[in-house]
Amino acid sequence: MARQDMRKVEMMVMSAEARDRVTDVLEQENIDFAVSDQTADADDSAIVIFTLPAGEVEWIQDEVDESLVDINAGKDVYTVVSDPEAVVSPRLDIREQHGVMESEGPERISRDELHSTAADMLPDLTIYSILTAIAAIVATSGVLLNSLSVLVGSMVIAPLIGPPMATSVSTVLDDEHLFARAAEHQIVGGVLAIVAATAFAYFAKVTALVPKGINVAQTLQLSNYSSPTFLLITVAIGAGIAGAISLSTSGSVELVGVMMAAALVPPIGVMGVGIAWGRPMAVVGSGAVVLVNMLSINLGSIISLWYLGYHPKAWTNLRSTRSTILRRVLVLILMIGSLALVLSSLATEGGLSRIFGV
């Protein structure tokens, strides 16, 4: 039998006491394992190797951690989790027949693997900024060309899924450092995208790269700020939920990233064109759409990850993490609600005048 939802776990234990506790846990749970003493200190240290379904890694890690508490040996264990292409063995049939490989709850990866994956999805800020700016310029070209195919291309190259997922994971797992990095990526990337889109649109205007007879009003109809606000929020929250589920179940996140980019990149292109051509309605409306979608993506992914059972490893931090999540969720809801009111006003004639008095 072959299974593809397995993880190879290697625990490097640096003391004899820790090695005994780890092997005791695995024997108690009827998990096949191998021990190698090919280490620098073969008398005390060893490497314990075993395979598990992805959904059971966190459970075993918690069991091992609890067994090491009373001997204060938690720092004596290094755990490496890898994703093999497949695990093939007739013993998998036997283990399933005895219920050894049956998981409780949703089949999801461990919190440590989730944290590592989310952190890896956060690229270098310089690279992220460059790719985001390029995507914004391509989107602006698509708006000026009135070409949906070019807009789709800008969505594909936009690296937008990493920061929202890292923000959500860091929120539910109480990692303030990762949260700060992810938030910085979202803010800096968003600002640079708008600047790049505006600069390119203005350059295209003053250098006559765009025909003077272009119907800007028709071109700016690519913006969806006049669409029903509820539907815009539904799309963005759906993207956040899909991203969280894909990330936590080892699913494909690339297509979900395109979905997120579809909610963010075209409005940024419209903003650039609107600023260059002096169309405040399109600028304010598209800006509100970008913010609503960005906040809704974060909201949907945070709620989904918490619902899937992700929380800090230390239960002593659980209460403070719940307070942090509740506070951030309430802030997101209030901001989304305020922006939704702006969009609702813009969707009606004279909305901009009522908002800004212009």
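Note that Cβ sites are derived from N, Cα and C of the backbone, with glycine treated the same way.
Automated prediction, rather than curation, is the source of TrEMBL annotations.
What TrEMBL says about this one:
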TRANSMEM  125-145  transmembrane segment
TRANSMEM  151-173  transmembrane segment
TRANSMEM  185-204  transmembrane segment
TRANSMEM  230-248  transmembrane segment
TRANSMEM  255-277  transmembrane segment
TRANSMEM  283-308  transmembrane segment
TRANSMEM  329-348  transmembrane segment
Any contact between the transmembrane segment (230-248) and the transmembrane segment (255-277), i.e. 3 or more CB pairs below 8 Å with pairs at least 6 residues apart?
yes
At a C-beta cut-off of under 8 Å, are there same-chain residues at least 6 beyond the transmembrane segment (185-204) that contact it? List them, or none.
122, 125, 128-129, 132-137, 139-141, 144, 160, 162-164, 166-167, 210, 265, 268-269, 271-273, 275-277, 287, 290, 294
